[in-house]
């Protein structure tokens with residue numbers, strides 16, 4: 001009897017335990033659901049946010065991801081970027097989601113202070129709140145227990161103010177910290193974050209020296225803070241020291257009078273000696289200059305002196321192709337309608353546009369206000385004959401409408417110059433990243449640029465040529481934002497490709513290993529450019545540890561995000577403003593990932609890439625046409 005009673009009690013306890021566990025699990029998920037409903041009830045939002053008790057929380061609610069592999073099945077991600085949320089976040093709503101790992105509310109119209117219960121969620125790893133209007137100070141008291149699991153914290157483009165709280169130093173796992181475009185002030189010595197790899201504090205009101213552990217960050221991480229100083233910005237200037245009796249006397253006051261007189265004599269002797277030395281060096285310089293001038297007048301290859309009288313003959317009178325090398329030093333191409341010579345270029349006002357893989361580019365404004373771009377090449381290994389042959393090829397290729405027109409070139413022993421048409425709208429890199437506050441590159445423009453660039457590369461490949469240096473700064477734009485590829489097929493004039501900070505992020509893995517470019521590596525580089533247009537990120541290098549440069553591997557980053565099914569986090573925040581382009585964006589993302597396949601043989605040919613982009617663009621245009629037609633019909637029905 002006793003054993004039967006004991007078995008009954010044990011069985012009852014077991015079933016009660018199971019029931020309690022089930023109730024607890026249900027309560028956890030139910031509490032998550034109630035917290036989300038409270039948030040939706042308090043924050044105005046568009047109708048498309050379909051949160052209600054009649055739908056399954058984990059499978060049907062927009063923006064919600066649950067960890068269904070866990071028996072507790074908790075909400076682990078809330079992703080609502082650019083959905084039109086408006087208002088402040090009440091406490092005890094999202095802050096109740098204690099299993100949350102990812103929270104993305106970027107690109108909405110949220111304002112007010114940041115609830116401390118969100119920042120202190122114990123499991124939170126990724127927090128994206130950029131491009132809202134949050135305000136107030138982030139004091140240490142308001143962050144008593146900020147989540148130590150945070151890996152990415154993005155509070156950029158808000159109106160937060162005050163000092164950067166010292167509580168952030170507790171973020172031992174953080175690798176990305178974005179605080180740019182706020183109103184933070186004060187010093188930044190509290191940011192003792194050894195684990196951080198990428199930091200951006202630009203466009204705040206911060207002051208003081210940059211801490212040692214942040215000095216390897218790029219300059220753009222700190223610009224817009226006029227009171228910040230130290231590497232990578234300008235050196236800090238020592239402050240004025242007020243006189244004090246406690247300060248040591250100047251050394252000269254402690255010298256014996258005789259020694260002081262001796263020191264004066266030494267100083268006078270040094271000054272006289274230096275003056276004589278400078279005078280002697282000046283005489284030597286003048287002698288050398290006179291000899292060099294005589295040599296140039298007698299037939300040397302000086303850049304300034306040998307003009308060949310280009311002004312005496314208009315460029316269009318020279319016939320087809322390149323002018324006779326013996327007649328002129330500045331060789332014009334057939335379609336060049338300008339009339340200037342090398343002396344005009346040398347006298348023109350010049351502005352440095354940038355340094356590329358092959359040399360430095362200058363904008364030169366001639367006396368008749370004509371603007372051209374002069375690229376001064378460096379480390380050319382080709383002979384004069386090889387150089388001229390390559391120029392003929394480049395001149396013919398550049399007749400395609402999607403290449404920057406090459407107007408003329410100059411070759412001498414010491415100088416190699418290329419003269420291009422000046423493109424008024426700059427480069428793709430410039431409009432994407434040059435001014436973060438006014439980027440404004442819409443989807444249609446990006447597709448237009450991708451289409452034209454793919455046609456240019458496809459045409460180049462059809463002629464059996466390789467570009468070898470495809471990157472966003474080499475995609476220049478006309479007044480109508482039509483893309484024109486520059487630096488076409490110049491790679492053959494130089495040594496094997498070099499990996500500079502502005503190129504290595506675009507280079508295919510095999511180029512980095514073998515230093516050999518191919519049409520397949522061109523496809524890879526173009527794939528990186530597409531990813532750049534889709535994500536808004538730059539595949540440039542960042543300073544790393546021990547003076548090594550750690551590359552931001554854009555393809556790898558995109559793959560990792562897509563693998564975690566966070567596809568929405570991949571796309572540029574600017575693109576989320578546009579409606580009904582999600583399908584085209586995903587198709588372009590898939591195409592770009594095919595282009596950046598690690599195996600060269602797995603990449604599509606450029607002809608196929610150009611055709612697929614055309615298909616996506618046609619789909620985009622047809623959907624836009626259908627949308628306009630629907631809107632027009634709706635307006636007509638209302639008016640009737």
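Placed from the backbone N, Cα and C atoms, the Cβ positions cover glycine too.
Your range for transmembrane segment, going by Swiss-Prot and the list 204-224, 225-245, 246-266, 267-287, is 267-287. With a 10 A radius on its CB, residue 349 (phosphoserine) counts 11 other CB atoms from all the protein chains. For the recorded site, residue 427 (phosphoserine), the DSSP three-state label reads strand.
Highest local Cβ density among the modified residues 427, 518 belongs to 427, counted as other Cβ atoms within 10 Å over all protein chains shown. Cβ neighbour count for residue 514 (phosphothreonine): 13 (other Cβ atoms within 10 Å of its Cβ, all protein chains included). Comparing the Cα of residue 514 (phosphothreonine) with the Cα of every entry in 370, 427, 445, 503, these being the modified residues, the smallest distance points to 503.
Taking the modified residues 370, 445, 503 in turn and counting surrounding C-beta atoms within 10 angstroms, the largest count is reached at 503. For residue 349 (phosphoserine), the nearest of the modified residues 370, 427, 445, 503 in terms of C-alpha separation is 370. Geometry remark: residue 503 (phosphothreonine) versus residue 427 (phosphoserine), CA distance 15 Å. Residue 518 (phosphoserine) sits 37 Å from residue 370 (phosphothreonine), taking the Cα positions as reference.
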